[in-house]
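Here's the structure we're looking at; comments come further down.
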């Protein structure tokens with residue numbers, strides 16, 4: 001029995017390995033492949049002439065008519081989003097122009113009313129002067 005040893009030394013805990021699925025889900029596959037040096041290729045399944053791959057949590061058709069239709073749908077979705085953003089911008093510009101026109105119309109009406117009041121006061125002054133003479 002050793003004289004200066006400690007009987008109660010705990011055992012060393014083995015080092016944990018990184019769970020790549022958590023890192024991939026939290027930060028994305030690009031981050032995981034760059035930081036952890038992991039090559040994460042998408043899962044691909046081929047059944048006859050039909051081939052699909054699992055990317056970003058979805059099965060995406062790679063080849064055949066479905067693949068072409070999927071790519072066309074993606075292009076159309078991007079174009080639709082772009083047109084919706086443009087439509088929203090045009091609506092905003094229209095609202096701003098409408099507000100500006102309303103302000104100018106109100107200012108013009110106020111100016112016209114003040115001009116009419118001045119003309120009426122000048123005509124009443126002229127009538128008053130004529131009656132005194």
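Keep in mind that glycine also has a Cβ here, set from the backbone N, Cα and C atoms.
In TrEMBL, annotation is done automatically, which means it is predicted and not curated.
Annotated by TrEMBL as region 'Disordered', the relevant range among 80-106, 107-133 is 107-133. For the coiled coil (66-100), the model's pLDDT averages out at 94. Sorting the compositional bias 'Polar residues' (108-118) by DSSP state (H, G, I as helix; E, B as strand; all else coil) yields 11 helix, 0 strand, 0 coil.
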